[in-house]
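The following features are taken from Swiss-Prot:
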BINDING   Gly12, Ser13, Gly14, Lys15, Thr16, Thr17, Arg131, Arg173  ATP binding site
REGION    34-63  region 'NMP'
BINDING   Thr35, Arg40, Asn61, Leu62, Val63, Gly88, Tyr89, Pro90, Arg91, Gln95, Arg133, Arg145  AMP binding site
REGION    130-136  region 'LID'
Amino acid sequence: MKELFLIIGAPGSGKTTDASLIAQADATNITHYSTGDLLRAEVASGSELGKTIDSFISKGNLVPLDVVINTIVCALKAAPTKTIIIDGYPRSVEQMMEFDKVLSEQNEICLKGVIEVRVSEEVAKERVLGRNRGTDDNEEVFYNRMKVYTEPLNEILDFYQKKKLHFIIDGERAIEPIVADMKELIKKIQSI
């Protein structure tokens, strides 16, 4: 059975970097995906699912929830490792509920933990505005992204806390101790 870990956190929390470093350090045992990468890879594959995804993306439309979840589940089942990390998902209560429903209807993938990389809004803002990645990293866009992240957050955290799947990592430190703590946490959860 595949063991899935979801890594969530504010923009600038370091969740993508953390997940990426963990998977790189143990590539024979851990695979890291981001939802955007999975959708782009499916389009590039030329599959029927990829053509469906492309028909939305090419028009600038959001890919429907069922298509996104189908893409994620197919990738998880086909992953080359037993342990899989996805960062930045779920982003909404609707995504969370639908994903939970789909996972409960199959027996190949087990959600083991939802790890929140917790940072203050000040730290997140400092990191995002300091990284100069492009036009999307301005203050107005940052606050909009924070709003999108924080609006459903309490409901998402409550849901996973009730299932005893929510774990917190302090993201306001240097990357090395964060990654070390996250690796340790994943090992600990897997041994339960």
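Yeah, the Cβs are placed from backbone N, Cα and C, and that goes for glycine too.
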Among Lys15, Arg91, Arg173 [binding-site residues], residue with fewest other Cβ within 10 Å: Arg173
Cα separation, Val63 (AMP binding site) to Thr17 (ATP binding site) (Å, whole number): 25
Sequence-distant neighbours of Thr16 (ATP binding site) in its chain (C-beta under 8 A, six or more apart): Ser34, Asp87, Gly88
Residue from Gly12, Ser13, Gly14, Lys15, Arg173 whose C-alpha is spatially nearest that of Tyr89 (AMP binding site), among the binding-site residues: Lys15
Same-chain residues at least 6 apart in sequence whose Cβ lies under 8 Å from Gly14 (ATP binding site): Val117, Val119, Arg127, Gly171, Ile175, Ile178
Chain residues in Cβ proximity to the region 'NMP' (34-63) (below 8 Å; excluding those fewer than six residues from its ends, i.e. six or more beyond): 16, 70-72, 74-75, 86-89
Which of Ser13, Thr17, Thr35, Asn61, all binding-site residues, has a Cβ with the fewest other Cβ atoms inside 10 Å: Asn61
